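Positions annotated as domain 'Cation-transporting P-type ATPase N-terminal' by TrEMBL: 108-181. Residues annotated as region 'Disordered' in TrEMBL: 20-56. For 157-178, 190-212, 352-375, 395-418, 878-900, 921-948, 988-1005, 1026-1043, 1055-1074, the entry in TrEMBL reads transmembrane segment.
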Amino acid sequence: MDKGASTNHASARLTTIAFEDGTVEQRNRSGVHNASGEDEPHRRRRSASRDSISSVRSRIQHANYGIPITYRTLSFQTLESKAISELGGEDKEKEGLRTPGDELAHADHHRISVEKLCQRLGVSPAVGLSSDSAAKHLQEHGYNVLPQHRRNYAKTLAGYVFGGFCSILWVGVIVFFICWRPLGDPDPQPYNLGLAVLVIIVIILQASFSAFQDWSTAKTMNSILSMLPSDALVLRDGHIKSVPTKEVVVGDIVHLEIGNKVPADIRLIKTTGDTRFDRSAMTGEAEDVEASLDSTDDNILESRNMALMGTVVTNGAATGIVVFTGAKTVMGAIAKATSGVKTKPTAIQQEITRFVTIICGLTICLACLILFAWVGWLRIQHHSFMNVVAMLDDIMGCVVAFIPEGMPVGVALTLMLIARRMKAVNVLPKSLATVETLGCVSVICSDKTGTLTKNQMTVTSIGFVDGSMSSQQAKEHFSRSPPAQSLVRLLAAARLCNGATFDPVCCEKSIEDRLTQGNPTDGALLRFTEAVTSSDRLRHLFPQVAAIPFNSKNKFMLTLHQTPPDEANHASKAPTTVYTAFVKGGPDVLLPRCSQYWSFQSNTVADLDGKTRTAISELQNRMSRNAERVILLCERKYTPINPVHSSELSQELVDHCATGLIAIGLVGIFDPPRPETAATVAACRRAGIRFFMMTGDFGLTGAAVARQVGIFTGDREPDTFSTIEERRDEGDDTEYSNQSLLLEGSQLSQLEKDDWNVVCAYQEIVFGRCTPEHKLRIVNELRSRGNTVAVTGDGVNDAPALKAADVGVAMVNGSDVALEAAHLVLLDKFDSIVDGIRLGRLVFQNLQKVISYLLPAGSWSEIWPVLVNVFFGVPLPLSSFLMIIICVFTDLFLALSLIMEREEFDLLSLPPRNRKKDHLINLRIYTQSYLFIGVMETICAHAMYFLYYYRYARIPIKDLFFAFEKYSAGFHGYTEAELTAFNTTGQSVYFITLVFLQWGNILSIRNKRLSILQADPIRKQRRNPWLLLSAVLSLVVAIFVTQEPGIQSLFGTGSAPIEFWFLPLPLALGILMMDELRKLCVRTWPRGPLARIAW
């Protein structure tokens, strides 16, 4: 999809639920089955693709559980339409009743032969499309992108104009208009009309900003997501090349490998015999679908020789011809049917909704209180004090006062700014919800290979039952004549049971400098064997006829080869053909399948007994404790029951060939940790985040790496499953959380519920030999106990856990499936995750500061003038107009400067926030904003108001209280016009005082704990140039609304005497000093009562 496309809702919900396969082992395939039944050796390269679906925007939203339902509906429509067509039913197209199922019902791409399909599409399976043909097809069929949901702009605009606080403001508009006319007749006041127009302007400004913010955010997120690669491997002009997924056209020959997402609807023409697809995102069924070269169903949606757009290759590899792209695919039809589904509100949106609900509830209660007071008391006891228009003005003043109109703007800008900052540090969130959730993470579960380590593997040691050596000693030993037969067999197995190849471009370079294509483990074995002997002779002696790639279910790789004549004759005198099978996998997986072993000392094959099995296990443990990945290489002679080119052979090899093996030897492979990993783990620990490892490697290997990077600390050995069992049997309730724990994946199924409570309390855990199911269960168990879990990984093996986690984090060079499942992508080093956590916490902290700043003046100090007026008969100290100016202009400028604040010194030293308990707006913030800062500001502003009356009208405060209707012509000898002038000027004094008091508030609120002397706004470390600019702007607005004659005439403001522009300054300093005193008490007595209620 091009960058401008931003709302592909259907594809946005296309996510993968479950996968079976582990790391991507098999990159180079041989013995590939084609639709003609021939066996064709075929070399594959790892696709540059990181996501083969048509739109990177598809990664933004969560899974839409309506997709399986829609898929089934579409399937039934296809069958129904086909049946009606065969019976000669009515012409739906003429009647305008044609459905997507009608088009698919007439598709026969899955039924016709490959030759006929190629002829129809004008493509050669050997050459692919020419560049000119591809260009013509692209022009004819369009880009391979899913149909976009057409946004209902009228509904969106209505949401901007009438949503949130705007709904209440519209009530104010209506009331002000009614107060102007007809209630104001026969002498309507322009003031009420002006207020109605002003509130409309405020609504328009908010709606305009919301629209701009949405557009800007969408643009930012699209630019972020466009940085993620989206390519597919196609055959064009006789060469395999990587092209953008959106440029894949009908007729393209596409190559698919394990971990790839299918870029379009494809008819399969070649498979490796063990190819499987995960269709769970479409069908809702967890079982993988086995690929077929023949049609298995008349319904194209159900036939297994079709690979549908958005599904995932979970095993094997395949080649196919694109038959549908974009809107014409099955996923395109589903996209049209599910385009209107609503998305779930984010955590921040839920918090804002909660706050809006509280504020609206309080506003309604106060408005009702004023209304009841007027109806039951003022209208009777002081009937000439407040008429219905004045009462409605007071009620709407209450509404305007209590609603912080500037808050939505501050929240939106904060989220947008943090998203841009994340992009700047190479952390790409797929949605703004991820930004905030990342700051709540309390547990990180990380894969090892490629995440904590460099994924640059090197063979470092070789081991046999009766001998071991370094890789360099093995090379030297092989140069002798003749070399040990056991070492020869080990090299043959390491090279032939291998899916890696050297990049042809780098063949002239030294072996160390050559690039490899395929799994890094295979790449390490390839470099080792190539450094010892040329692999061409081995491949010539042992031609490969079948291969079973590694997956997390089998946990081994097996290749079947023709046996050299001399070995075949020696192995069997019978006329049957004997093949040689080489098997590679973990020792704990393959050793139970072995019955014999190669002796290094005697160069003979001997039977495995208990002693030799123990020796192999001990050797594995020694190598694992050196942080080496240990691989056991095995072989056996085997005569297949099924023909070597049949599809049944794969399962036969898994069931029968991988038993009765001869253990050749062990290979130790070292993968160095990333340089930044140890510091990253330490930083996460300081932030109160527990860091666990989930690896498919042997547990001791994982534990050794864990010690190197700081996941395991201390010198004592970690607890194991036996520790958990002993505690269960003895009923021991001792706290184990400060100790480390090492568990194997196979042991997880033996844990009871109470055992999981113990496991989840440990501070340091390594989970070894984890399958995707094990990782998924670990994440779910942690989340069910109140943890916010982040999972980091880069392979197919990690995808289910990535999707299930609160935050899935993938490396940008990870597999397609990992990138699809993740919520966040790291473009650079692993330590970028610390920056992501820091910014995730910063967004919450700054939002709290913005709201805490807005509440004292924009809410609390504005409501009290209304209450004092209604219940104490004091002339209204602050007009509704000036309340709006505070909320929308003077306060907003300074509030927006807070979103530019840097994090405080201890941001990454605080424990993670509990999303269920620690709300954005909590009782502590209400206490700080209302009862502390708010009360001081209210008292100071009223003091200035009463001081003005006393100095310029000589009216003492005692006479103003309970004045009610007495405040009229003749009060203290003044005329009505003079009293009105005193009140309007006094209101301006109150307003100016609040503007200056908020300066002191913002200086104190910048730091929650530090003194301003430690984090002042002048020094570079915490400098915020926007703060000074915002303060100047708020002062300019205050001068304008109080000094401009036109504003004075329309909205009843007055020119405050010059001293009242300076008297509030020491009061603002006093507020700052009072909060400094509070912080000092909190720092001095961190467990005292003030600290407990401090925000």
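Note that Cβ sites are derived from N, Cα and C of the backbone, with glycine treated the same way.
Please treat TrEMBL annotations as automatic predictions, because they have not gone through curation.
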With the transmembrane segment (878-900) as the reference, which stretch in 190-212, 395-418, 1026-1043 has the largest tally of C-beta pairs below 8 Å?
395-418
In the same chain, residues at least 6 away from the ends of the transmembrane segment (1055-1074) whose Cβ sits under 8 Å of its Cβ atoms read 932-933, 936-937, 940, 944, 947-948, 952, 985, 988-989, 992-993, 995-1001, 1003-1004, 1012, 1042-1043, 1048
In the domain 'Cation-transporting P-type ATPase N-terminal' (108-181), how many residues does DSSP assign to helix, to strand and to coil?
44 helix, 3 strand, 27 coil
Can the transmembrane segment (190-212) be said to touch the transmembrane segment (1026-1043) if we require at least 3 CB pairs below 8 Å and skip pairs under 6 apart in sequence?
no
Would the transmembrane segment (395-418) and the transmembrane segment (988-1005) count as touching if the test is at least 3 Cβ pairs under 8 Å, pairs 6 or more apart?
no
Long-range environment of the transmembrane segment (988-1005) - Cβ separation under 8 angstroms, sequence gap at least 6:
849, 852-853, 856-857, 861, 865, 877-878, 882, 885-886, 890-891, 894, 897-898, 933, 936-937, 940-942, 944-945, 948, 1012, 1017, 1027, 1031, 1034-1035, 1038, 1041-1042, 1053-1056, 1060-1061, 1063-1065, 1067-1072, 1075-1076
Taking the domain 'Cation-transporting P-type ATPase N-terminal' (108-181) alone, what is its mean pLDDT?
86
